[in-house]
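The structure appears below as structure tokens.
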Amino acid sequence: MHTPAESRTAPRWIFWLLPILALAIPLATNPYTQFIINAMLIYTLVTLGFSVVIGNLGQLAFANTAFFGIGAYASAMAGNALGLPWLLTVPLAGLAGAAGGFLASAAALRGIRLYYLAIVTLAFGELMRWFYTHAGALTGGTDGLALDRGDIFGLQLNSDTVQFYIFLLLTTLLVAGTVNLLRSRLGRAIVAVRENEIATASLGIATSRIIVTAFVWSGFVVGIAGAMFALHTGRVFPESFGLTQLIINFAMVLVGGLGSVIGAVLGAVALTALPEYVRAFPGMEEIFFGVIVMVVLLVMPKGLASLLRRVSPIFHETHHRD
Amino acid sequence: MNSRAKQFGLAAVLALLAVNPAFADETTGITDDSISIGVMGPFSGNASSYSKAEIGLMAYYQMINDEGGIHGRKLVAIQEDTACDPAKAIAAAKKLIHQDKVFMLQGNSCSGAAVAIKPEVVDAGLPWIVAHAVSDTISTPPSANIFHGVPTGEANGNAMAAFVLSRPDTRNVAIIEHSNDWAHSYSNPARAYLKQQGIEPVLELVMERGQTDATAQVLKLKQAKPDFIIGALYEAETAIFLRDMKKYGLDTPVMGTAGTDLENTLKRVGDLDTVKNYFVVHPYVDNLDGPRMKKWADMIHKYYPDEELTNFSYIAIGSGVALVEALKSIGPDLDRAKLIAALDAIKDLDTGILSSPITWSADERRGVQGSAVAGFVDGKPTVLEAWQTPYQ
């Protein structure tokens with residue numbers, strides 16, 4: 001029997017149609033458009049992980065770019081130093097990102113909140129970038145760290161099409177995993193912490209454990225996105241994980257809809273595609289980007305996902321609260 | 001799933017993988033009256049000031065077009081923004097190669113972005129002339145289709161050390177630098193050059209970016225008493241270092257990188273006395289406001305009237321001159337292989353703008369192997385070949 005909330009939503013299997021239909025995308029792309037679509041899949045995970053902490057958990061934490069960089073460098077370093085094939089570096093990158101998430105959660109556990117947490121986590125991100133730049137022997141410094149992409153079951157991993165199918169699989173699994181986490185008892189506790197941490201604790205819920213779990217899951221998801229990014233670009237550079245990256249990721253979360261899984265997908269797709277459409281106007285990208293973000297947030301302050309919710313109840317997310 | 005379904009699935013996946021076509025058309029991007037050239041640069045973002053190099057290059061294309069083009073063909077630049085971001089640069093390269101289908105690529109400021117696109121360009125096989133980024137990694141080891149048209153980090157480092165040693169009786173050389181790869185790209189070749197001459201630095205110091213005081217470094221240098229100091233520092237830190245040298249009475253000459261502009265440094269420190277012993281790598285034949293650079297400044301202003309000219313504005317033009325020379329030598333029957341062969345045939349080309357000639361070969365694609373130096377002589381910025389020897 002469905003709960004009342006679930007009865008308003010369509011059967012969840014409908015969402016599995018999306019990745020199945022997406023299997024045909026490479027039939028209609030060239031290497032450039034395929035590269036952009038692959039970036040959309042990567043940024044879907046980056047936005048999703050960010051949204052879990054900032055949207056669902058309600059913590060003003062900006063360590064997302066740090067997790068992204070940690071995952072990317074963990075993958076490239078494991079490939080180079082240990083000679084592991086890229087596929088085996090993916091779980092390592094996820095675990096490294098999760099470890100980063102655990103470290104970032106330590107600040108939140110010590111009662112640091114709001115703007116103080118924002119500054120501490122921003123500093124964490126900048127510290128990591130300093131490390132990538134200066135630990136040249138490990139990270140390649142500002143020249144970056146090249147990745148030997150190799151192959152998987154005989155298929156060359158430098159092919160954008162091969163990357164697409166792997167990224168689609170990973171993104172689908174992690175989006176589904178995040179939806180399941182948020183629909184679980186733990187996910188409801190995450191949202192409860194956001195709504196009122198003291199009231200949640202008074203119900204006997206160990207809020208510190210909830211906070212750590214949300215950060216660790218966020219780090220895991222974004223860390224895997226980092227490994228995908230390393231494969232995608234073939235070389236990781238410190239400047240890929242700076243403040244500009246963070247601002248773009250934050251905009252993706254807000255434009256899609258804070259705390260919404262559908263919003264994470266929409267925000268990532270929209271803000272990855274948009275800069276490509278304004279390529280024809282060199283130097284205008286920042287202006288277009290800023291205007292579009294402002295317009296979306298003024299017209300739809302709850303993000304693109306809220307528009308879809310108005311169109312059809314199929315897009316209602318049981319774990320999501322406006 | 002039965003075996004037939006598995007076979008069908010495997011066949012479908014392999015068919016999808018085969019969709020992306022190989023890219024090897026030798027005459028892609030050429031028509032009877034045009035040659036399309038992908039020009040990538042940081043037209044947005046924090047490093048957008050570097051894109052002045054690409055503006056200068058495109059002004060040169062327009063000048064050539066106004067003169068009738070090359071064998072009846074105009075040079076058509078297709079601009080793409082990299083924002084100095086490696087991922088954006090790869091997207092830009094893929095777009096130019098696979099969607100816009102350009103004949104060749106020229107431009108690229110920012111070494112990181114250029115290094116990131118190298119595998120894509122090598123796979124595609126189209127000619128690429130790097131016109132601004134300096135990392136030796138881009139063109140070494142040589143790739144079949146990549147040409148470097150500016151002095152690389154190694155050429156600059158060698159030029160710095162050679163100038164230092166051209167001062168009579170220079171034996172004690174100290175090095176002060178940032179602890180990043182940009183600084184190392186100058187200081188390491190300079191170290192190697194010194195070592196070849198049997199000289200080890202008497203003192204090696206670090207001054208971090210953002211440091212607002214160089215007292216400790218200057219006092220150590222005073223004790224070491226070097227004959228010359230090599231400074232691989234950004235402009236802001238250079239100004240602080242020179243200011244503190246003057247404050248503590250240290251008047252040792254300092255050799256700086258191409259990342260600092262002589263006159264901008266003077267503006268920063270405010271008085272000529274502080275910079276009178278400061279020298280910088282200068283890749284041009286004249287001062288920026290000198291008579292031999294005037295025609296290039298006028299050319300840029302003709303096509304981009306509002307463009308503010310800086311040191312970067314001229315750096316890519318020399319490689320543009322080399323491209324035109326190669327295209328002219330081929331004749332009207334143009335293809336990529338012929339262009340690559342013609343570029344490799346360029347030897348000791350005086351571009352009229354770069355202080356060192358361009359020479360390419362299949363074994364060495366770093367075409368500009370040296371650079372002049374600029375310093376103040378009698379209070380005026382002067383281009384020098386060696387210590388107290390004006391550039392001819």
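Backbone N, Cα and C define each Cβ position, glycine as well.
No curator has checked TrEMBL annotations; they are predicted automatically.
Sequence-distant neighbours of the transmembrane segment (A:12-29) (same chain, 6+ residues past either end, Cβ-Cβ under 8 Å): 37, 160-161, 164-165, 168, 171-172, 314. The transmembrane segment feature in TrEMBL is assigned to A:12-29 (among others).
Annotation comment: TrEMBL describes A:35-54 (among others) as transmembrane segment.
Taken from TrEMBL, the feature transmembrane segment applies to A:61-78 (among others). Sequence-distant contacts of the transmembrane segment (A:61-78), counting only residues of its own chain at least 6 positions beyond either end whose CB sits under 8 Å from a CB of the stretch, comprise 46, 49-50, 53-54, 84, 86, 88-90, 92-97, 99-101, 104, 107-108, 117-118, 121-122, 124-125, 127-129, 132, 138-139, 145-147, 215, 218-219, 222-227, 229-231, 235-236, 238, 240-243, 245-246, 249-250.
As annotated by TrEMBL, transmembrane segment applies to A:84-107 (among others).
Within its own chain, the transmembrane segment (A:114-132) is flanked in space by residues 59-66, 69-70, 73, 100, 103-104, 107-108, 139, 141, 236-239, 241-243, 246, which lie at least six positions past its ends and keep a Cβ under 8 Å from the stretch. Feature annotation from TrEMBL assigns transmembrane segment to A:114-132 (among others).
Under the heading transmembrane segment, TrEMBL lists A:162-182 (among others).
Look at TrEMBL and you will find A:203-230 (among others) tagged as transmembrane segment. Outside the transmembrane segment (A:203-230) by six or more residues, the chain places 38, 41-43, 45-46, 48-50, 52-53, 56-57, 59, 61, 63-64, 67-76, 79, 86, 89-102, 104-105, 108-109, 147, 163, 166-167, 170, 174, 178, 181, 186, 189-190, 192-193, 197, 236, 240 with a CB less than 8 A from a CB of the stretch.
Among the features that TrEMBL reports, transmembrane segment is placed at A:250-275 (among others). Sequence-distant contacts of the transmembrane segment (A:250-275) (same chain, six or more residues past either end, CB-CB distance under 8 Å): 36, 39-40, 43-44, 46-48, 50-51, 54-56, 62, 64, 175, 178-179, 182, 191, 285, 288-289, 292-293, 296-297, 302-306, 308, 315, 317, 319-321.
Per TrEMBL, transmembrane segment is recorded for A:287-308 (among others).
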